[in-house]
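Below is one structure, written out as C-alpha cells; comments come after it.
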C-alpha cells in the first residue's frame, strides 16, 4: 500500500519537492502524441485513460500507456517531465483493468502518479493504494458535491499526495456558470490541502484553448485563492499557465526587499522591522517573501 512519507504528513510543510506548474493531458489512444507532449514544456504529462478515451478504445489505450511507461529509461527521470496516468473510476471494470496493468509494470516502470477520478470519500482511495507499486503517488479528483464535502477526510488518507477539482462534472451537477462560480468550491479544496499538509491544489483545465487571456486571468485568480498550477489540454496553454503562476518582477523585487530587511533586523537584533515605506514585517511575511524568491528562481531554472 502506498503511504504518505513523513515529510508530507498532515501538518508538515508541503514544499519539500519542486512544485509542478503545468500538467498536460494527452489521450491514451493517441500514442502518436506522447513524445510531443513530453517535449511540450509541461512539468507533468498526464496519459489519460478516462474521459479522453471512448469505451471501444479503452483496452488499446491501456496497452499504449503501459507500453510507453515500460519504454521510459529510469535514468532520464530527473531530466523529463513527470508522467502521470488518469485511470478510470477504480470500482468499475475499466478502472480495475487500469490498476492491474499499472501494477504489473512494477515499481521501476510505474508512473510517478495516478490520478483517480470521481473520489467521494476515503474508502474510494483504498483499492487504488493497495494495488499500486511503491513510490507511485495517489492524486484524487473531486468531481461531485459529495467529494468536495469530504475533501478534508480524503486529503487526510495516508496514501493521498494531492487533490484537485473536476470542474466539468461539478458544473453539470450543481448547474454552475462562469469561472467565479467555482470560487467557494476551490477554497474548500485549498483549505483541505493546507490543513493536511498537501501541496496547494492545481486548477482544472481551461477548456477554451483559443482564449489565452481568459486562461491567464483565471490562473491569476486561482493563484490569489491559494491554488498553484493548472492542467492543460493543449500545448499552447502550457506557457500561459507557467507565466500566470510565476512571480512577476515587481513581486520578486518586493520579496527581496523584505528578505533584505529581515537580514538587517536579525543582524541588529531588531524584532520589529520596518520597510522604508513604513510597512512593518514579521515572520510570516518574511516566510512568504522567501517562498516567492525560491519559486521565481525555480521557475527560471527548469531542467526541461
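Even glycines carry a Cβ here, placed using N, Cα and C.
TrEMBL has this to say about the protein:
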type	residues	note
BINDING	86, 143	substrate binding site
BINDING	143, 169	Mg(2+) binding site
DOMAIN	24-235	domain 'HpcH/HpaI aldolase/citrate lyase'
Secondary structure of residue 143 (substrate binding site) (DSSP, helix/strand/coil): coil
Binding-site residues compared (143, 169) - highest count of Cβ atoms within 10 Å: 143
Those residues of the chain, 6+ apart, with a Cβ under 8 Å from that of residue 86 (substrate binding site): 25, 46, 47, 48, 49, 50, 51, 114, 115, 117, 141
Alpha-carbon distance [residue 169 (Mg(2+) binding site); residue 143 (substrate binding site)] in Å: 5
Structural state of residue 169 (Mg(2+) binding site), classified by DSSP into three states: helix
